[in-house]
């Protein structure tokens, strides 16, 4: 489309925006990697509808280039970290998480807590850099934004919302142990049938699995800290000039947009200010580049396999790469492998390596037979959207849980990255490609994903616009946020009722004893007479 026609369309959109009075100003607290990709999809749609979107990003941000022309307005605040330092730090922590042994529950989650705490320290530093920059804060405040939008896993947006007195909306995939969802959002997760995230359990639990799930619940509720909460609580209290906590401030969110859906997640109760918008980034496939299309077409009736371990995994040992390449070389399908490393010695003629692939477009291609994935939520939703069965090789975070969900739905097979042999991967591929049940099951999930009265992206945008129109959505916020923990669990009421029952029992007992004493005394007196 020419620049002329683009300008005309933009002018029409803006004219409609101003005439309807629905044009708003959205402030965004930046996220990184897949977290940003999900938010970016929503922001692009907001811009298409004529809203003004401004993103607050640090000078170290990996995904933002202030010189890159974009409809997004980027406000860069200075920080002492460099892009390279931040990227290296993130990659080091991800590798550390991926390499954690899962043999011991306590050791594994203690290490996860330490990693999350380090991430929290970096995020808190960025937050301090913003709120301590008086000139920058004044500039932002004078812009008079209507709403703040952010990923809840990167705190600070709620502090800005409190300082600027504007409503805010969260986007969130998950937090370890549902920490933020439960303690800040007031979400309800009955442990009898809702498995704790990262437990790799399903909603069909045996007695011993329910015992295991309860242990997870108790651990995450009373021991695990997603960040160093004391530091965050102290920081927020100092900035706001009154005692407060991170959880309390996050609990003031008007709407939570959870990047999940019921064809993926096991059912549990939802609050009025929570909506599921999983798969909002999914869209119909576009034509492939000619060279890639020619390779796909050369596969004939056998079709192709798409293989990607995501954007956050850039280093793989030569030994692991050769194990994988050897398995891929033995299947009749052609393979498109996203791999940014040295060419494996065992690479077959049927396999091509790419530093980047148009994953959504490949998954939507009619010749795609299977998807080898690390289990990232974005990739899984794209596979569901296009109806492609999966072989899961989870690495860290929620990925094992995601693959467990797909296994429970009969849409995936799992292999272990560190211990799998070429035969293991080969058998898994043959199973999902040759067993028609996997294709049937994932197509069922796909039909559910498509059969929605309102698309997830439209729902996400609706709620942000709703909050802007009504200057918040406090009428949807449950009163549980205003209760103490013992009031929430009705411990004060239970205690009062127990005292009442005990009092009644005491009085009745005393009355019975008194009556017994009176009758006994009368009987004794009559006997003496």
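Cβ from N, Cα, C; glycine included.
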Additional site residue, 345, 398 [criterion: listed by Swiss-Prot with 373, 374, 375, 376, 377, 378, 379 for UDP-alpha-D-glucuronate]: 398
Students should find that the transmembrane segment stretch in Swiss-Prot, chosen from 476-492, 493-509, is 493-509
Minimum Cβ neighbour count within 10 Å among the binding-site residues 373, 378: which residue? 378
Residues lining the UDP-alpha-D-glucuronate site besides 373, 374, 375, 376, 377, 378, 379, 398 (CB within 8 A of their CB center) are 34, 310, 380, 399, 402
If you count other CB atoms within 10 A of each CB, which of 375, 398 wins among these binding-site residues? 375
Assigned element (helix, strand, coil) containing residue 378 (UDP-alpha-D-glucuronate binding site), judged by DSSP: helix
Are there any residues at least 6 positions away along the chain from residue 376 (UDP-alpha-D-glucuronate binding site) with a Cβ closer than 8 Å to its Cβ? List them or say none. 34, 310, 399, 402
